[in-house]
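**Student:** For reference, the structure I am asking about is given below.
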């Protein structure tokens, strides 16, 4: 796949993420595993990009490479014009994991303050930011609770607040709602869209749910496994303001059909080549 | 609740209790009324057989247990073996105690009685029953005091010798155990943190630490006495050696307890090693560190006392125990053992309390019965 | 394999080097006095070091002295000799094994009683824990003397101490293990209308196996410690504890260290045997090695 220029309504700022011929190979006991192969992608400021594909397609690996949790073995990758490591040290992004990973010995507010403590913010600044981000994710009133006293959905909201608290422009989310039931997930999806509209952040979102990807994204990156690669990039034609019932419109269903087709194409390609 | 029918086991216990009481009544017939309270117990205990027709409240069984124990203790002869029907009284009141505890725990489980409070009564009853049986058997069967003195004699000796016991406690616990424990645990913690940064050192230290934890380290006591002299220093040194390895091994394991996601999180914040240690890995290691602290609290006291067998100034719990055996002052030895048991339990209890406060977040602390 | 052995060997070598250095440093004052008495002056360091490693009753014997003492006291002597370390090790080992066997059986029996009977759980468990607050090791010699006065002598009193120590981890581990099957696994057997006996043998007992072996590893190690300490009471009885005691009376440091090394070796072998049994049983039960 060649690099696709953005044709969406978002601002034409400099690229937040630019991957060129990116590759990543894990050596294992029985041969190498090609987790990413020849990935070319540009993500611009304000984009909401979803990565979708079957397990093993490298979508999580790609996100972890952006976060400098994995090192690419070939190609180049820049985040905010820097190397991933420089970007990490500049605290350029917030990362939301599959599990909330809140520290059980800290209250919710202390959990959200954790990155602020590490980054050396003053106590007053910490309190102010914690208050603001807790309001942003509708968790006000739960400051003094411990994580294990909250439901799964609330824990994941707290972990999003933690990623937002230090005001990085880029938010990396790795199947953040994967472990939640569908009702909670719908709710958090619409909240996430509002949050994105209010904060104007760039969001990279890994998922294996087609409706979720279509509902949330301005662009959908379809990936396929063995080797992990990008097979299709779909621009969403949906408006930015999306009520939940937009999912019943023909427009939504058309995009979903295209994603499904892209996933199927990757599948048949795989069977034809192996 | 008293209308619930009895289980097979409860029924058997009820038969045993009332049967023993009836037999006691028969055996006491030759000299009736010599011990009125005991006779009352026998009569009521045998009468409890009416439960075959009509259920009896469980508290009645509890009252019978209590009556039997009190009557028996009051009636114990000062010298000589006790008459046969006393043994039936012991069997009967033991069976009533057991029956009472069985019915009590069944009532708690069925939700008729609250868990808190009542739940505590059961082990207390068991402990008291043990003490009563000990007292009755040692005195009633004329067990030589050299072998096992009755609890009352131990208690009396305890009250009479508080000065000696206190001096021994200070020498062994305050001077030997506490400094040795503090040094050993801190050293283990420090070495674990130092080693933690290097996978090579960790790979080398862990098997050796595990191995050392299983060794009879207490055996170095004679060597420590040669090196550091007779006073508390040598005992503290033994305690240091005994507590060091459990703390080392547990802390190293604990520092690895943080999950991959939690560590990745710190990585995404570009946290330095010190921050990762203080904010993630040390708190996550808390339960492991407290585990070692608890293990060590018992090891420390044992180490200090055993080390005193190899030479002491003429004070200390181990000294008193070994010389007490030689001079056949067994009740003093038992009083010393009681001090050691109480000190050891209190030490353990304090650490466990601190643990509950510090690692309140851990599932083992916040969920259910310990 | 090499990745695991090399770090351990490195640390061991470091300990060995440290030991030899410490032996020079700790034995030097006495060696100085000896040399002064013999009018030896200006002894070169290499020779002085060799002297400190060859003293008769050193403060800290060099490792090779301990090893040669072990050799002389095992291989070079008749096994029946009272000075043979193998003889003493056998006495300690037999008390350890007997006590460990008693302790394991008692521990398993108590655990089975506890999980099947609510009243015994409530009444026994607190006292089983309390039983360990009595520092039995600290009074072990006394207990042995006491039991001796009622005619229980030889192996049994020592084994009783080992039993008292080793039943505890087994009870705690087995109660945990027998209760480890999850509710859905128990519910499954309920749907088959399995009786209590079947639930025990087909679910609880296999589920408890890993816990049993973990406890037995702890139990065998403290059984050995119990046997050694129990021997401290009776210098004529024999055993590694007695070697420690007589060594301490006579200032025979090499003898003490040799007995310690043998005890350490025994502990290692015993724990390794239990560990091998654990692997075998777990392997047969389908666990990955």
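Counting starts with 1 at the first residue shown.
Note: Cβ is positioned from N, Cα and C throughout, glycine not excepted.
Below, the features straight out of TrEMBL:
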TRANSMEM  B:34-53  transmembrane segment
TRANSMEM  B:58-76  transmembrane segment
TRANSMEM  B:82-101  transmembrane segment
TRANSMEM  B:113-134  transmembrane segment
TRANSMEM  B:178-196  transmembrane segment
DOMAIN    B:186-358  domain 'ABC transmembrane type-1'
TRANSMEM  B:208-230  transmembrane segment
TRANSMEM  B:236-258  transmembrane segment
TRANSMEM  B:299-321  transmembrane segment
TRANSMEM  B:333-354  transmembrane segment
**Student:** Can you find at least 3 Cβ pairs under 8 Å between the transmembrane segment (B:236-258) and the transmembrane segment (B:208-230), where each pair is 6 or more residues apart in sequence?
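**Tutor:** Taking Cβ pairs at least 6 residues apart, the transmembrane segment (B:208-230) and the transmembrane segment (B:236-258) are in contact, with 3 or more under 8 Å.
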**Student:** Top stretch among B:34-53, B:58-76, B:208-230 for CB pairs under 8 A with the transmembrane segment (B:113-134)?
**Tutor:** B:58-76
**Student:** Can you tell me which parts of the same chain pack against the transmembrane segment (B:333-354), counting only residues 6+ beyond its ends and a CB-CB cutoff under 8 A?
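**Tutor:** Beyond its ends, the transmembrane segment (B:333-354) has Cβ neighbours at 149, 154, 157-158, 161, 165, 168-169, 173, 177, 290, 293-294, 297-298, 300-301, 305, 317, 320-321, 324-325.
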**Student:** Near the transmembrane segment (B:58-76), which same-chain residues lie under 8 Å Cβ to Cβ, leaving out any that are not at least 6 residues past its ends?
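**Tutor:** For the transmembrane segment (B:58-76), the nonlocal Cβ contacts are 1-2, 17, 35, 37-38, 40-41, 44-45, 48, 82, 86, 89-90, 92-93, 96-97, 99-100, 103-104, 107, 125, 128-129, 132, 135-136, 139-140.
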